[in-house]
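*Asks:* I grabbed these lines from TrEMBL:
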ACT_SITE  ASP191  active site, proton acceptor
ACT_SITE  GLU194  active site, proton donor
BINDING   TRP135  substrate binding site
DOMAIN    469-548  domain 'CBM20'
SIGNAL    1-20  signal peptide
Amino acid sequence: MHRFLLTLLAVKAVCSPVDTYVATESPIAKAGLLANIGSSGSLSSGAYPGVVIASPSTTNPNYLYTWVRDSSLVFKTLIDQYTLGQDTSLRSLIDSFVQAEATIQQVTNPSGTVSTGGLGEPKFYINETAFEGPWGRPQRDGPALRSTAIITYANWLIADGNTSYVTGTLWPVLQLDLDYVANNWNQTTFDLWEEIDSSSFFTTAVQHRALRQGASLATAIGQTTSASQYTTQADNLLCFLQSYWTPSPGFMTANTGGGRSGIDANTVLTSIHTFDVNAGCDDTTFQPCSDKALSNLKTYVDSFRNIYSVNFGIIANAAVATGRYQEDVYQGGNPWYLATFAVAEQLYDALIVWNKQGSLTITSTSLGFFQQFNTSLTIGTYTASSSIFTSLMSSINNFADEFIAVGAQYTPSSGSLSEQYSRSNGSPLSAIDLTWNYASALTVFAARAGQTSASWGASGLTVSSSCLTSNAPTVSIEFNVNATTVLGENIYLTGSVSALTNWGTSNPILLSSDSYPIWSSTLYPHFVQGQGLTDDAVASNGESTREH
């Protein structure tokens, strides 16, 4: 395990307001997080050992449940602190988490049993029993995030000479999750906000990371068959990940469905939760300092400048309060602390890498982001010895601090972090003491201090030229064209993907006239990542041609 403690620019001899907030909020956030973990947490009464409650709130909204996603992100934070030597008291709590999650894996629930889809169930009661009410299910990011947290622990244990605990206790838990990811990643999922059932950028990215780490661990403990399977599907996931990019105005579409703009905190959270300090500014894995991630960040932040009253009057290149997505109406559609902190964390992560490599590169994709700080900047690479590099590092560090300052401005004097803060006046709203918020505060503060967790293998990855999956599903897609013809005329179909003959007029698909004047054909295309034939895609790609 490695820890990089880098001295970022713009460090002041006198403590800034952000320095003061970080110093005071850090212990509050750590205490708030631990208070929400059973069975000894002061706010987690009734929770079994190692079970994370999302919030002690029981009304408007009731969050007294344990979510696999939230729990995994929270314990990834704690496992990082433990394995980096920052808090050596956490070992027993981490072991309790592993045992709690092993139990939850086996609980039959509305998504299925452990072997029939139950691992995609998003939340459970805090006594480790199934929640059977209506919900957005399945949510396929949970098994991936749980794997990432536990693999981080497993790697540390192996390095510490405790391979037997990894193989005997951790691997059975991990293999269930990793197999689930490998076998189900190309199925639709509800997104991390539990609202849209489609493909989700965050889910795809964390699944890719989990399988990369899973393959490495499997290799290390002699599970070669699993390692091969995970590598194959990780390659396919990496290919599919590229399909979310929207070149103009330059952002990652958060979900393939839902009918929204696609500009979403989902994508910023993706960047920080798949950060690998050894991967540099790699676009392929959407690293925080990559040109696509920076362009996406600007598009995301700017989308909130004119919709929240608390942001009115703030200049166009200054930090603002940010939320989940601009169309949000949940609990009134407000800024979220974890979303605002995520912006700062991505910027700090970028600064760490630029400092590490001693240069930064501005491309046509990232130019708009950098011109926020200097409108005369041009495309090129700027080394650490240049005045432009020095100026940008200082400006971007200050910009990141501004987002923490926004969170600080709307944090009550007690330091408690509710789920949201009001779009009109900044007062705390929704669920109190949100555990995920406390984890997000701790991770952004760590990034500000130049700390990173272990590399997960993102460096040097390339996208395969062939992205077919070995377990790809076959789906039926029916085309219908209402067309009146004369004797001797036929209706053919072609389109922009291979299943539709790549606009081939020499070999188009003949439609049947059995239900004339409706001409139809049902196709069973093999699923191709990046060329998925959804109903919407077919309607826009498909085209009929006439033959005389």
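The backbone N, Cα and C atoms fix where each Cβ goes, and this holds for glycine too.
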*Asks:* Can you check which residues sit near the residue listed as 'active site, proton acceptor', meaning Cβ under 8 Å from its Cβ, same chain, 6 or more apart in sequence, and list them in order?
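*Replies:* Counting only residues 6 or more apart in sequence, the Cβ neighbours of the residue listed as 'active site, proton acceptor' under 8 Å are GLN139, SER198, SER200, PHE202, THR203, ALA254, ASN255, GLY258, ASN266.
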*Asks:* Rounded to a whole number, how many Å is the Cα of the residue listed as 'substrate binding site' away from the Cα of GLU194 (active site, proton donor)?
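*Replies:* The separation of the Cα atoms works out to 8 Å.
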*Asks:* Below 8 Å Cβ to Cβ and six or more residues apart, same chain only. Which residues does that give for the residue listed as 'active site, proton donor'?
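*Replies:* Set apart from the residue listed as 'active site, proton donor' by at least 6 residues yet with Cβ under 8 Å, we have PRO122, TRP135, GLY136, GLN139.
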*Asks:* Within 10 Å of the Cβ of TRP135 (substrate binding site), how many other Cβ atoms are there?
*Replies:* 16
*Asks:* Would you report the average pLDDT that the model assigns to the domain 'CBM20' (469-548)?
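*Replies:* Within the domain 'CBM20' (469-548), the model's average pLDDT equals 60.
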